[in-house]
Amino acid sequence: MADAAAPNASSMPSAKSLLDGLMRGEMGLALGVVGIIVLLIIPVPAPLLDVLLAISLTGSVLILMTAILIKKPLEFTSFPTVLLVTTLFRLGLNIASTRLILSHGQEGTGGAGAVIEAFGHLMMQGNFVIGVIVFIILIVVNFMVVTKGSGRIAEVAARFTLDSMPGKQMAIDADLSTGLISQDEAKIRRKELEQESTFFGAMDGASKFVKGDAIAGLIITAINIIGGIIIGVVQHKMPFGDAASTYTIMTIGDGLVSQIPALIISIAAGMVVSKAGVEGSADKALTTQLAMNPVGLGMVSASSGIIALIPGMPIFPFAAMALAAGALAYKRVQDAKKPKALDPADLEAAAPSEPEEEPISASLAIDDVKIELGYGLLTLINDLDGRKLTDQIRALRKTLASEYGFVMPPVRILDNMRLANQGYAIRIKEMEAGAGEVRLGCLMCMDPRGGQVELPGEHVREPAFGLPATWIADDLREEATFRGYTVVDPATVLTTHLTEILKENMADLLSYAEVQKLLKELPETQKKLVDDLIPGTVTATTVQRVLQSLLRERVSIRDLPQILEGVGEAAPHTASVTQLVEQVRARLARQLCWANRGDDGALPIITLSADWEQAFAEALIGPGDDKQLALPPSRLQDFIRGVRDSFERAALAGEAPVLLTSPGVRPYVRSIIERFRGQTVVMSQNEIHPRARLKTVGMV
C-alpha cells in the first residue's frame, strides 16, 4: 500500500506546479493552441460553439482597443503571436461551424447555434440576397483594403527598420563613447533597437496570415452554401428553396460572425504598424492634428455649406457639419489670439520667486577629459559625416586599453563660442592641456622626412608633435600621396592630438576608483594574489602610485598580475614607491625590450658613460631609499646638451634608441630627461631581457 501510494504522492507537486503555472498564465497559450487543435478534430456542440464565437468577438475588440491606445508599437510586441493565434482560432471555429451546418442544417437555422442564427437573420432581414451582398462587401473591404494596406505598411516598415539599424547602432555607440549616456542606458537602447527590428520583421510575416484568413473565409462560405444545398436536397429530401434559404442563412451568419472579428483584427494590425511615426495614443494624435488648423476647418465648413445648398440634397446633415466645423475653426482662431491660460500649478511656477540655488555638488563635478569645439567645427559631431570623430574616439579608447591597459574615461564634447571659429581645446580635469585649429574641407599634408610640403596651401605646425604641415585642398590628395606625403583629415588631426595628450596624462587620469575597478576585474585565478597583497602587504594607494609611475613613462600596465607580483616581492624590503617601481620594471623586462625594439628586432641603446654614472651616483644625497639628486646646475646643463646631441645623431641615422643606465641612477636620470625629452625611454641594465639583442648607437 505504501508503495502504491508513493507514485500518487510524487505526482502531487507536478500537478500543483501545473495548476500554479496555469493560474499565472504561463501555460494559457499552450492550452489555447491545444484547444484549437481539438476544434479541428472533435465535433463541438452548438452551445459551446456560441461561447467560443463570443470569445472571438470580444477578444478582437480587446485587441483593437489595445492597438488604438498604445503609444508606440513596441508596447504590443506580442501582437504577431496574437495575430497568428487568433487567425488559427477563427479557422478552427470555421471548421467546427461547418461541421454543425452540414450535419444539423436539416433541423432549421438554429442547428449551428444561436449566435450564427442571430447574425444570419440580422443581416438578411428576410432576404438572403442582402446577406450575401453584405458578406461579399465585408470580404472585399477586409481583403482588398485593410489587409493589403496593413501588409504593405508592415513590409516597408520592416525594410526601413532593418536598413536603419547600422546607423542607429553607430549613434548609440557614439553617445556612449562621448559620455552622453551610461553603459546601462546603451544596453537599454540596444535592446529596444533589437526588439524593434524583430517586431517589424515578425509583423511583415504575420500580415500574410490575415490575408490568407480572408481568402479561406470566402472559400469556406462557398463550400458551406453549395455543400449544404446538396446535402439538404439529396440526403434529407428538402425542397430546393427551403434548403437554399436555410443553409444560406446559417452560412452567411457563420461567415459574418467570423469575418467581423477578422476585419477588426486587420484594422488593429494596420493601427499597430502605422503608429511608428505617431507620438502618443492614436486617438489623441488624431484629435490634435486634425483639428489644429483653423484654415482647414474653415474650408471644410464652406464645402459642407455648399453641398447643403445643392437642390435635392438633405440640408440638415451638411448644414450641421458646416456649423460644427465653422465653430471649431472660430474657436481655434480665438485661442491663437489670446494668451494661453495657466493652471494654478503653472501660475505658481511663473510667480516671482527666489532663483533655485544649484546644488553645490553640481559645481564640484569635473570632466576628466573634455573637447571644446569652435562654432565652425560643430559639424564634426552633428553631421552624418561627423560620426568619424566619435568613431575615432571610440577606437582610441580600445587602443589605449589594448596597448597600456588603461581605460580611458568618457570624453565630453561641447561647443565653446570663445574659441576661434575652427579652433578646439582639449582639457584634462578642466585644465587646458592642448589647443589647435583645423580646416574643414581641407586635408593636412606632412612630409615624413620633416621638410616643408611643396604644395599650395596654408603652412602651419602639426598640433600634436609640432612638425611642419600644410593644409591643402581636397582635390590635391592624389598628388600629395604620389609625392609620398602623409595626408590626414581634420578629425584625424584632432584625434591624434587627443591621443598624445592622453598618453602624457594617463597617470593623472588613473584614479583610485579606476584602480579598484581594475583589481576587481582580474580573473578569479588572480583573486588570491590580490587578497594576499592588499591590504596586508601594501595599500591600494601604493598600488595606484606604482601604476601611475609606470604610465608616466608609458609602460603598459596590462599585465597587472605580473606588476602585483613585483610589488609583493619588493614590499617587505622597502616602502619607497620609487624602489617598488624599479623592481616591477625589472620583472617587466621582456615587455620593455619588446615595446622599444627597432624594425630589425634589435633594441637600439645609447649608453651612459662611466663619468656620468659616477657623477650621478656621487650627487645622490639622503638616507636609505629616500635619496635626492643634487647635481650642480652647470653639470646639469652639460648633461642635457650631451643627451640632445646623442639622440639627434641617432635620429639622423633613423634610430629611436633608449638611454641605458645603471639601476641605481635610472629614476634620477629619468626625472631630468622627462623635463626636455618626455618621450625618451630610460632603462636600467636590470630591465634588459637575457634574450634581447642590443644595438649600441651612441654614448652620452
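Heads up, the Cβ atoms here are built off N, Cα and C, so glycines get one too.
What Swiss-Prot lists as transmembrane segment is 27-44 (among others).
Outside the transmembrane segment (48-65), and at least 6 residues removed from its termini, the chain residues within Cβ reach (under 8 Å) are 39, 79, 82, 86, 89-90, 93, 96-97, 100, 112-116, 257-258, 260-262, 264-265, 267-268, 271. Among the features that Swiss-Prot reports, transmembrane segment is placed at 48-65 (among others).
Under the heading transmembrane segment, Swiss-Prot lists 76-93 (among others).
The transmembrane segment annotation in Swiss-Prot covers 129-146 (among others) and is backed by sequence analysis. Outside the transmembrane segment (129-146), and at least 6 residues removed from its termini, the chain residues within Cβ reach (under 8 Å) are 120, 123, 211, 214-215, 217-218, 221, 248-249, 252-253, 255-256, 259-260, 262-263, 266-267, 270.
If you look at the transmembrane segment (218-235), the same-chain residues 6 or more away from its ends with a CB under 8 A from one of its CBs are 94, 98, 101-102, 105-106, 135, 139, 143, 242-244, 246-248, 250-252, 254-255. Sequence annotations record features per position, and here Swiss-Prot assigns transmembrane segment to 218-235 (among others).
The transmembrane segment annotation in Swiss-Prot covers 256-273 (among others). Listed by sequence, the residues of this chain that lie at least six past the ends of the transmembrane segment (256-273) yet keep a Cβ under 8 A from its Cβ atoms are 53, 56-57, 59-61, 63-64, 66-68, 70, 73, 76, 79, 83, 86-87, 90, 93-94, 97, 115-116, 119-120, 123, 131, 134-135, 138-139, 141-142, 146-147, 149-150, 153-154, 157, 200, 203, 206-207, 210, 213-214, 217, 282.
Here Swiss-Prot flags 306-323 (among others) as transmembrane segment.
Look at Swiss-Prot and you will find 364-380 (among others) tagged as transmembrane segment, backed by sequence analysis.
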List, by number or range, the same-chain residues at least 6 past the transmembrane segment (306-323) whose CB is under 8 A from its CB atoms?
300
Spatial neighbours of the transmembrane segment (76-93) far in sequence, C-beta under 8 Å, 6+ residues away:
29, 32-33, 36-37, 39-40, 49, 52-53, 56, 59-60, 63, 66-67, 70, 195, 198-199, 202-203, 205-207, 209-210, 212-213, 216-217, 258, 261-262, 265, 268-269, 272
Residue numbers, six or more beyond the limits of the transmembrane segment (364-380), whose CB comes under 8 Å of its CB atoms:
179, 386, 388-389, 408-417, 419-430, 438, 440, 490-491, 494, 498, 502, 509
